[in-house]
Amino acid sequence: PTEAGERDEHEPERQAGRAAARRPPARDNGGAVRDTLAQLQELTKSVESCQSEVSEVKRDMVAIKHELDTVQQVKEEIEELREYVDRLGEQSHRRKLRLLEQGLTFFLSYAILAAVLGMLQFGYNTGVINAPEVNIENFMKDVYKSRYGEDIQDDSVKLLYSLAVSIFAIGGIIRKSISSSFIEKYFIRKGGLLLNSLLGIVGAVLMGCTKLVQLYEFLFLGRFIIGVNCGLNTSLVPMYISEIAPLNLRGGLGTVNQLAVTVGLLLSQVLGIEQILGTDEGWPVLLGLAVCPPILQLMLLPWCPESPRYLLITKQWEEEARHALRRLRASNQVEEDIEEMRAEERAQQAEATISMMELICSPTLRSPLIIGVVMQLSQQLSGINAVFYYSTLLFISSGLSDESAKFATIGIGAIMVGMTLVSIPLMDRMGRRTLHLYGLGGMFIFSIFITISFLIKEMIDWMSYLSVVSVLSFVVFFAVGPGSIPWMITAELFSQGPRPAAMSIAVLINWMANFLVGIGFPTMKNSLENYTFLPFSVFLAVFWIFTYKKVPETKNKTFEEILALFRHGNGRGSLRDSRLYGSMLNCVNALEQRMPPAERAALMVAEEKPHPDSSASERSSRELVPASSS
C-alpha cells in the first residue's frame, strides 16, 4: 500500500513532464504564426486583384452588349434597305415591262418618216453617181476640150470622175468640224434637221445646173455640199429616232434608217438606167432630183414633236417633254418614259456634255468608243461601197454587157430593200450582235467567191453568173447586219452626255473610210486586178473576230443598263449581270435622292477622300454579311 501511494503521488509530475516534452519550443510557435499571416496577406491581395479583373470584365461585357445592340440595329437597317432595294428593283422591272408593251403610233410613224428622208437622201446620192459614169466622163471630156482646145487623157478623166465620187465623202468629213460644236450642241434635234435641209437643196441645185453652165466644178461643189448634208443626216437622224423610239421598238425602228438608205439607193439605180435618165441629156436631172428629200423634210418636220429625251435631260424642260411624249405615245400615261429618262439622267449626272477630245481621253468611255469606231469601219471597209460606187464596172469586168450590168446593179438595190425589210423584225428578236456576226460571216464567204469567179472567168463561160450571184449575196449579208447595226449600236452605247460627241467621231471615221474606198478602189482594182476583193476579205475576218470577242448585245436594254455594263466590266462575260447592276444603279440613285441635302453633300465629300484602310473595311464587311444573314 505504501508503494502504491508513492506511485500515485509522483504520477502528476510524470504526466506534466511528458506534456512539456511534447510541447514545441516557444520560438517555433511564433514563426508559424508569422508565416500564416503572410499567406493571409498574399491571399487578400489576390482576392483584391481578382475583384478588379472581374470589374473590368463586367465593364467589357457591358460594352460588348452595347456593341451587340448596335450590330442588331445595323442588321435591322440593312434588312430595311434590302427590302427597299427589292421594292425599287421590282418597280424598275415593272416599269421596263410596261415600256416593252408600247406600240407604234401615228405621230411616231410620222416623225420617223420625216426624219428618215435624210437617210434616203444619203442613199440616193451614194448610188446616183454610179450608172451615168460614162455620160459624166463624156461631159468632162467635152468641157475640157471646149475650154483648152485639146482632148483630155483617159487617166485624167478617170481621176476627175473618182474625185466627183469621193468628194461626196470629203463633204461628210469636213462637216464634222461644225456638227458637234454648233449644230448638235446649240440646235435641237428637229431644228438641226431643218437647217440641214437647206444645205441639201443648195447642193442638189448646183449638181442639176452642172451641164447648163458647162462647168464640171459645179458637180464637184454640189457633191461636196450634199456630202456635208448627208454627213449631218447620218448623225442627227439615228440620234433623233433612237431618242423618240420606245424601248421595245428601238431596234426595228433603227433599221428604218438603213431601209431609207436602200430605198434611195434603189431609186437612184432605177432612174439611172438608159431608158429613163441615164442619158447625156438626162443625167443632170438625175443628180438634181436630190432636191426632193430636203424639200419634203422642210414641209413635214415642223409638225413633228421634238425629242423628249433631249428636252428633259439636256434642256430640263419637263412639261415640253411630257407634251412630246403624249403625242408620240398617243397616251397620257407617260410616267414610265419620264422615269426611264430620269434614271438615265441620274446615271450620267456626273458626266456633262463632253467634247470629242474629252471623250477620246475618258477611260470609262474608251471601250464603247472603240467598239463604235470599229463597227463603223466594219461597214465601210467591208467593200460594200466599192460595190455601190462601181458595181456597173464590176459587172462589166465579170463579162456582162453594159445593159446587163446596169440591170444587175438595179438588182443590188432591190435586194438591199428586201433584206432590210426582213431584218427589221429580226433586229429585236435575234439581237444586234448576232445579226452583225451573220452579216460579216456571209460577206467574208462571198468575197472569197467573188475573187474565185474573177480568177477563172476566162476558163469557164458561166463563171460570170457566179460573179453576179456572189456580188448579190455579198449585198444580202450586208443588208442583214453591217448595213444598219453600226449606226444603231453607236447611239445605244452612250448616254445623253457623250452621245453627240460619240456620234460625231463615229460618223467621221465612217466618212473617212468611205472616202478612202471611193478614191482608192479604181487604183486598187488596176493594181490587184482579179484579187481586188482579197483585202476586203481580210478586213471582214478581223471585224468578225472583234465583234465576237468585244461587242455586247444591247437588245431590250435601257441606256443606264448599257452604261452599267461597261462600268461593271467590259466584255460579254459581264453581260448577264448588266440588268442586275443597272437596277442596283437605279436603286442607289433613288436612295441618294431620298437623303437630306446635307447628308448627300457629306457623302460626296467622303467618296472623294482616299480610304487607306479600305481593305480592312472590306474584310469587316465580308464578316458582317454572313453574320447578318445568320
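Quick reminder: no glycine exception, Cβ is built from N, Cα and C everywhere.
Residue ranges 283-301, 530-548 are listed, and TrEMBL annotates 530-548 among them as transmembrane segment. Looking at which of 194-214, 220-241, 462-489, 501-524 has the most CB pairs under 8 Å to the transmembrane segment (104-124), the answer is the stretch 220-241. Simply put, out of 156-174, 194-214, 220-241, 383-401, 407-426, 156-174 has the most Cβ pairs sitting under 8 Å from the transmembrane segment (501-524). Residues 125-126, 129, 133, 136-137, 140-141, 216, 219-220, 223-231, 234, 389, 507-508, 510-512, 514-515, 518-519, 522 of the same chain lie 6 or more positions beyond the ends of the transmembrane segment (156-174) yet place their CB under 8 Å from a CB of it.
Taking Cβ pairs closer than 8 Å, the transmembrane segment (220-241) reaches residues 111-112, 115-116, 118-119, 121-122, 125-126, 129, 163-164, 167-176, 179, 183-184, 189-190, 192-193, 196-197, 199-200, 202-208, 210, 253-254, 256-257, 287, 290, 294, 307, 487-488, 490-491, 499-500, 503-504, 507, 510-511 in its own chain, all 6 or more past its ends. Nonlocal intrachain contacts for the transmembrane segment (194-214), taken as residues 6+ away from its ends with a CB within less than 8 angstroms of a stretch CB, comprise 118, 121, 139, 143, 146, 183, 187, 221-230, 232-233, 236, 283-285, 287-291, 293-295, 297-298, 301-302.
With Cβ pairs under 8 Å as the measure, the transmembrane segment (530-548) is packed most heavily against 438-456, out of 383-401, 407-426, 438-456, 462-489. The stretches the transmembrane segment (407-426) and the transmembrane segment (438-456) do not meet in space: the count of Cβ pairs below 8 angstroms, excluding pairs fewer than 6 apart in sequence, stays at fewer than three.
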